[in-house]
């Protein structure tokens, strides 16, 4: 499959990393992913339906959770069905356009989700540290604007990364070292210094994500300080119970993502890399409804 390719247009498909080569294990992978995918669909679908149908849940906190569930459904639907289909039909191929679509959608959903999780920590901060200002700062219009900014930011982010990645000439074959199309793995196939531009954009993205993470941590330090000053135990318990699910979701999302992309190469093995990539791409969308 190592064809000499001068530009992306002459390449019509990529080969994704297969989990296993044995037919029985391929089918096991299919059923396992099907179970996780159905659990994610059911969990997120129930949250979306409950929040849409119950007017008591039309509050900023649940409005943002509604958006989070939509993003989770989007991100898991971008990568899992294709991986399942490949296992079922015993193939590794994904078309060039399919790969570009996967990169675009995955970056879009994940970028928007990071923004939304940051907004949700701001929502919890205002609710607990500045409750008297909650109604004015987080009115319905402000919430819609914030959610729209998260989705719009994800869209802009995805357009930039996808256009940049797929404008780079690729000549190191077409085998992607991942079970879905992921930018760092596609960059490994590039044959020129053109990838430095996208690598630079990835570094900038890393700093932006780190900024969001710092904002969330600072918000929670303030929140916990305020909660510990609440005199009644019941009040403290209520405040903690609204914050802990969000904190758990952020921790799962950040820890798996950081481990996947920042782990030392000395402990890197194809199997471990695959397990870690499943942890950060497939597990959060299916676990978030359970956590909430």
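Placement of Cβ uses the backbone N, Cα and C atoms for every residue, glycine included.
Keep in mind that TrEMBL annotations are predicted by a computer and have not been checked by a curator.
These come from TrEMBL:
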TRANSMEM  30-53  transmembrane segment
DOMAIN    43-292  domain 'G-protein coupled receptors family 1 profile'
TRANSMEM  100-122  transmembrane segment
TRANSMEM  142-160  transmembrane segment
TRANSMEM  199-221  transmembrane segment
TRANSMEM  242-261  transmembrane segment
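The stretch in closest packing with the transmembrane segment (242-261), judged by the count of Cβ pairs under 8 Å and taken from 30-53, 100-122, 142-160, 199-221, is 100-122. Per-residue pLDDT, averaged across the domain 'G-protein coupled receptors family 1 profile' (43-292), gives 89.
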